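Undergrad: Okay, here's the structure, questions in a sec.
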Amino acid sequence: MKLLLILLGALLAVLTIKRTSAVQGSNHLICYYDGTSYTREGLAKLTLNDLEPALQFCTHLVYGHAAINPSSNKLVSNNEKLDLDVGTGLYRTITGMKKKYPHLKVLLSVGGDKDEVDADNNKYLTLLESSNARIPFINSAHSMVKTYGFDGLELGWQFPKNKPKKVHGSIGKLWKGFKKIFTGDFIVDEKAEEHKEEFTALVRELKNALRPDGYILGLAVLPNVNSSLFYDVPAIVNNLDYVNLMAYDFQTPQRNPEMADFPAPIYELNERNPESNVNYQVQYWLQNHCPASKINVGIPSYGRAWKMTTDSGLTGLPPVSDADGPAAGGLQTQTEGLLSWPEVCAKLPNPANQHLKGADSPLRKVGDPTKRFGNYAYRSTDDKGENGIWVSYEDPDTAANKAAYVKTKGLGGVALVDLSFDDFRGACTGDKYPILRAIKFKFQ
């Protein structure tokens, strides 16, 4: 009997190691798939046939995004007609991809800035505040993962975000310091310390529920969420299989409508917020005892675009002042201020647009020979003060630079957000998923 128990224990350990082995070591390539891209119109629609060529490169596929029901505190589909068996059934179809790609680990994401939240009554905070509320969330999460064949769950917990910070010169910094004496600092969350402790409890309790089945538990630190406020790093890392640092969207036309600037630099720029870069975020987690092998750097597959005005000048050199909020969105993104990589690529100089004028004329591309901050492209306003645009974006080269940074630092890998904004049709150069391929090539 004793021998039998030992053998059963050894078998359980092997199964657990097998399921979690994809998050140990390095060169993780965690790919995000936004299920809503399946519902887009025309060429913007990412079908499962379009998705499949990417899966050979991904170590993980994160399907997003599930939501929290504020009444029951249960994990639920954000679109039942799309996700569940009563409709299109993408949950089961996506996890079924593992039969053809057995190396692939498929996880379900909750939150991820895709779940509707009342700013005055944030359900993600309310759930944390009660152990009785956490229980139905944990039970329903475990059930959903098991029912639909996912390999685990990723927490894209929607904590309150930092207040946007403006770029200040020397005089501006003096005035800001003087004003702060009287107004004080902006408080992101008055109960941040309590919520940090409660989130630690949630991670521990959730991992305890998932561990017997060997399920993976990941964390996505969403853009502009202050890690020092909400994450007790030493207390949670042992219960997490990986941490995706979404170190991008530091500057966006929604957060900073009057100032266009690099959204996702690797390193700090002069006279900018020292925290608004990849390296700062990585170093914070490393210094707080998160193993390097668990850290994955988030890389977006899109650009952020502002309208330039006559007062924005002619050079395009960031930060660009006197911007006028978000530029028009693309046919693919359908979101103001957001352009997918193929949408950006089509605006850069090419034979098809070299003779076009006005809003269709090509942008001027400015590369980054330092490999520290990123590319941008712009078109100053015309004589009528119209058609000005400034966009900073990720392309295969900048993504490869970040992958090289990850290798140099000995980190776990990269999280690409998301596949539907990479050039999945090969419209730009003929190569499908060029950003994904560039990252994978750098890891080889």
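Using N, Cα and C of the backbone, Cβ positions are placed for all residues, glycine too.
The signal peptide annotation in Swiss-Prot covers 1-22. What Swiss-Prot records for 27-444 is domain 'GH18', and it gives sequence analysis as the kind of evidence. Under the heading disulfide bond, Swiss-Prot lists CYS31-CYS58, CYS345-CYS428. Swiss-Prot lists ASN226 with the feature N-linked glycosylation site, giving sequence analysis as the kind of evidence.
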Undergrad: Roughly how many Å lie between the Cα atoms of CYS31 (disulfide bond) and ASN226 (N-linked glycosylation site), rounded to a whole value?
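TA: On Cα coordinates alone, these residues lie 24 Å apart.
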Undergrad: Sorry to bug you, but what's the C-alpha spacing from CYS428 (disulfide bond) to CYS58 (disulfide bond), rounded to the closest Å?
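TA: It is 21 Å, counting Cα to Cα.
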Undergrad: If one measures from the C-alpha of CYS345 (disulfide bond) to the C-alpha of the residue listed as 'N-linked glycosylation site', what distance in angstrom results, rounded to a whole number?
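TA: Here the two Cα atoms are 32 Å apart.
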Undergrad: Give me the non-local Cβ neighbours of CYS428 (disulfide bond): same chain, 6+ apart in sequence, Cβ-Cβ under 8 Å, ordered along the sequence.
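TA: The answer is TRP341, PRO342, CYS345, ALA346, PRO434.
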Undergrad: Provide the number of Cβ atoms within 10 Å of the Cβ of the residue listed as 'N-linked glycosylation site', excluding the reference atom itself.
TA: 17
Undergrad: Identify, among the disulfide-bonded residues CYS31, CYS58, CYS345, the residue whose Cβ has the fewest other Cβ atoms within 10 Å in this structure.
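TA: Relative to the other disulfide-bonded residues in CYS31, CYS58, CYS345, CYS345 has the fewest Cβ atoms within 10 Å.
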